[in-house]
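Inspection log for the structure reproduced underneath, given as structure tokens.
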Amino acid sequence: MISRTRQEALDKAKTLIEALPWLSALHGKTVVVKYGGNAMTDPDLRARFAENIVFLRYAGLRPVVVHGGGPQINAHLERLGVESTFTAGLRVTTPETMEIVRMVLVGQVNREIVGLINEHGPFAVGMSGEDAHLFTAERKYAMVDGEPVDIGLVGEVVDVQPGAVRSLLDDGRIPIISSIARSAEGGVYNVNADTAAAALAVALGAAKLIVLTDVEGLYADYPVNSELISHMTASELEEMLPTLSSGMVPKMEACLRAVRGGVPQAHVLDGRIPNAMLLEIFTDEGVGTMVLPDKDPAGGDA
């Protein structure tokens, strides 16, 4: 009779063997991870996230992290007595607010992520989207009742220069990138981290885009139907977009943009689940929702 301890060891070995085809397929491939939500504020989840990213690196993948920092920005604005408002789900970013956003994302959040990862080795290197002209953005307007509304220094990424990121990856490093972008005129913009991550994934020719959220993934007809959609095509997602909640729209638009731009797979995962990334990447079952390119009539990707 096999002891409980021996059985647990055998189960672990089975899990490792199950990962073999995924390790083989993804060895040397780039994976862009958008990090945000509750996973950024819970100390245990933050530590587990750092471990997962380092695991990917040791497993032979080339992880890149793009992060936001909404909760931390809100906390600093409140502490400094600066009022923050939202229009159509987007933060109205005055020059005063932009200064705080930049300080928090680049000077606090980025450094914390770099520090957590580097507890496991000299891997992480912090960057702003401004550095080496990585992200260039143009002003974005919110749409209210079909009319464009000025929301200040909020930008949409229109150009990506990924050379510096590639150099870091080639050197075995893990780039950690804050979602700040330059303008062609020399200013700075606050950009959505989901869309920035998607743009970078396309520019790098990444094998996967992974977006961490505070929900399990995309539901078939929430709240009427809470059945999780495990996978869907780009066209199916595009058809579903108008029905989604405002919080899910930028995340799913990022997935759509990524696969339409040539990224083979985009995933939305619950960052509150410990090791969710590893479950999605290295197991047959996976977790969350995976978006795939459309198939052409010949059976290949469109």
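Cβ atoms here come from the backbone N, Cα and C positions, even for glycine.
There are 30 other CB atoms within 10 A of the CB of K34 (site 'Transition state stabilizer'), with all protein chains counted. According to Swiss-Prot, the site 'Transition state stabilizer' annotation covers K34 (among others), on the basis of sequence analysis.
In sequence order, G36, R91 are the residues near G70 (substrate binding site), counting only same-chain partners six or more apart with C-beta under 8 A. Feature annotation from Swiss-Prot assigns substrate binding site to G69, G70, R91, N190.
Taken residue by residue with DSSP, K251 (site 'Transition state stabilizer') is part of a helix. Summarising the annotation, Swiss-Prot assigns site 'Transition state stabilizer' to K251 (among others) and lists sequence analysis as the type of evidence.
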Whole-Å Cα distance, G69 (substrate binding site) to K34 (site 'Transition state stabilizer'), is 11
Using Cβ-Cβ distances, find the residues under 8 Å from K251 (site 'Transition state stabilizer') that belong to the same chain and are at least 6 apart in sequence, listing them in sequence order.
K34, D194, V211, T213, V268
